[in-house]
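Lifted from TrEMBL, the feature list:
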DOMAIN    107-240  domain 'Cupin type-1'
BINDING   138, 143, 148  oxalate binding site
BINDING   141, 143, 148, 187  Mn(2+) binding site
């Protein structure tokens, strides 16, 4: 049988090893008759720190998810605070649609962003009217700073977007339908009707959503032909033909 002194020594050594591994602190030597410390307070502190870290991490994630145009510290932003009246908050660029006698021959976008309508600066909203002649296409593109909510006013459209797992989502829209294109994802709209035009209105959760057109970005920005040929697993002559078509 083990005497009390030997048993105490074994327990003491075991306690030191557990303490060192779990808490990363230096081992403590206990003498006979010493009362072992209560580790419940230490465990409680560790649990509290883990919970606090989780809460803080969740808060950061939520803030990222809600991120958009920065909040402004005034009611609105204007170039000159001394000369503001109702005309600054009015945009008349869409009047051409009311007086339009013929439909455009090519796909046309009429925008109302902070570039065209400065009063939108800081308001986290913008609009666009999209006109699709028969058999026309709004080529694949992205809006890096906002989602797009499209409302089809007239005609029909084939629409789709690709998510970050390369899954394609498509839908056939009729007049009165709405479709959301998530922020930053590649998407397109196509009027497959060979006889009738279509018109849609898009809203964006940013005063300046931005547009990155894939065809133009890839083939009209002087990216080296060899790089593009290797990327698309084709030859340089094919890339040059694509570039010529966008010139």
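Each Cβ is built from the backbone N, Cα and C atoms, and glycine gets one as well.
Apart from 138, 143, 148, the oxalate site neighbourhood in this chain, defined by C-beta within 8 angstroms of the site C-beta centre, holds 128, 141, 142, 150, 181, 187, 189, 202, 204, 209, 211. Residue 148 (oxalate binding site) is 12 Å away from residue 141 (Mn(2+) binding site) when you measure Cα to Cα. A C-beta separation below 8 Å, combined with a sequence spacing of at least six in one chain, links residue 143 (oxalate binding site) to 181, 183, 184, 204, 206, 209, 210, 211, 212. Taking Cβ-Cβ distances under 8 Å and a sequence separation of 6 or more, the neighbours of residue 138 (oxalate binding site) in its chain are 107, 109, 130, 132, 188, 189, 190. Looking at residue 148 (oxalate binding site) and residue 187 (Mn(2+) binding site), their Cα atoms lie 10 Å from each other. For the Mn(2+) site, the Cβ centre of 141, 143, 148, 187 serves as reference, and the other residues of the chain with Cβ at most 8 Å from it are 142, 161, 181, 185, 186, 209, 211.
Of the binding-site residues 141, 148, 187, 148 has the largest number of other Cβ atoms within 10 Å of its own Cβ.
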